[in-house]
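In what follows, a single structure is set out as structure tokens and then discussed.
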Amino acid sequence: MNEILEGLVEAAKLIAAFDPELVEITLRSLQVTITAVVIAAAIGLPLGAWLAVMRFRSRRLVIAILNALMGLPPVVVGLIVYVLLSRSGPFGVLGLLFTPTAMIIAQVIIVTPLIASIAHQAIRDLWSEYHDLLISLNTTKRQRVATLLWDARRALLTACLAGFGRGIGEVGAIMIVGGNIDNATRVLTTAIALETGKGNFALALGLGFVLIALAIAVNLLMHSLSRTERSGTW
Amino acid sequence: MVTSILPLRIHAAEVKRRGTRLIGPIDLTLGGTGITIVLGPNGSGKTTLLRLLHGLERPAHGGLDWSIPEEEARGRRSFVFQTPTMMRRSVTDCIAYALRVAGTKRAEARARAREMASQVGLGHALDRSAQVLSGGEKQKLALARALIREPEVLFLDEPCANLDGRATREIETILTDAKSRGTRIVMSTHDLGQAARLADEIVFMLNGCVRELNVAGTFFETPATPEAHAFLNGQIVE
């Protein structure tokens, strides 16, 4: 219990002092995760809508695989991306290993199935409601997907925030592909792992509270910008 | 000059679901003017018939022939459902949507939607969420969305079910206005009074088949079938 209190004090000190190192790793955490979520949303949202609207033979299998991929172990993703980006790997020539780009790639792989799966479920429900209307209005498939994505925007925001939550708190994959290099690839979660390993529990907990506060702040900001819970049911 | 999509000829059309016949075989011709009311007890196939005519159901046997190819006819008819679907948009945007998907530019679509909303009595709710409208207002919105594309044929599936007398009268006024502008209306209802007020022609359905097709006045005064006679007398017809 003492350690948690010390952690809270440490977090307050770090924030009050506007610690340059804390600012740097916080900004890097945000940069990596927000970039990954934007890319994952660009892939996952249309994919979820497409799966809801289209009917094809192996659709159920694809949905089952997508749902299973929501539980992808980050360490395994990290290992696979490591192998692919290492010097002897197929993408070794790109020199991306131990860079924020590698961390973004790993997070995109982890976050995309989560966003696509939640989007699919939200859009599937809306599609069952809109089906007859959109068919009766003689809409094209592309118009249906666009309409569903727009009208389900609140639920899709939740999908993106869930993706952000998964990404910002992720440590296994980015530790492997980023290497936790000071001033280069260190982010909040890898810094917490490092400080815990060194026995600096108060600092580790302090960073942990900063991380939680950051996640809450981003969620509040997104809800505020999108006017969720303000304008009734639309 | 634009060629009319009517008459619509339905020949030996059957709708089946998982091998079970829902309606048919149906032979029917819908001519160029007026209001046709589809009557019949619950489960007689009124909704399925309307869905078949609009292309929401595919015939397992037989077929439908519009006077022009189906691809062209599809964009010139509209459907109003018994439970209207309210999109997660404002009233204006819900109505404008029907024009937007048909290729109209946003500003023009919204301007026409506002005008149409005012015509159907929704001028006070232009920027409100469609989801929070009352039952009567939702049905008016659905009608406005259907009418804004100036359809040649308008199908309505019990549009006044669950509405009170005032809302029903408002909907009927919108329909008679649409009829006077030349829109061909095909509508199902359980309300015999409404059918008597609006219909030029009656299609009486029972057990998935058309039992009687008659001029409205004749149908109500001297129905041709004993089932229709019993139905009009308020007896349970099976």
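Positions of Cβ are set from backbone N, Cα and C atoms, glycine also.
Here's what TrEMBL has on this protein:
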DOMAIN    A:26-222  domain 'ABC transmembrane type-1'
TRANSMEM  A:30-54  transmembrane segment
TRANSMEM  A:61-85  transmembrane segment
TRANSMEM  A:91-116  transmembrane segment
TRANSMEM  A:156-181  transmembrane segment
TRANSMEM  A:201-222  transmembrane segment
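Long-range contacts of the transmembrane segment (A:61-85) within the same chain, counting only residues at least 6 positions beyond its ends with a Cβ under 8 Å from a Cβ of the stretch, are 47, 51, 91-92, 94, 96-97, 102, 105-106, 109-110, 113-114, 116-117, 120, 170-177. It is A:91-116 that, among the stretches A:30-54, A:91-116, A:201-222, forms the most Cβ pairs under 8 Å with the transmembrane segment (A:156-181).
Counting only same-chain residues 6+ beyond the ends of the transmembrane segment (A:30-54), those with a CB under 8 A from a CB of the stretch are 62-63, 66, 100, 103-104, 107-108, 111-124, 126-127, 141, 144-145, 148-149, 156, 159-160, 163-164, 167-168, 174, 187, 214, 218.
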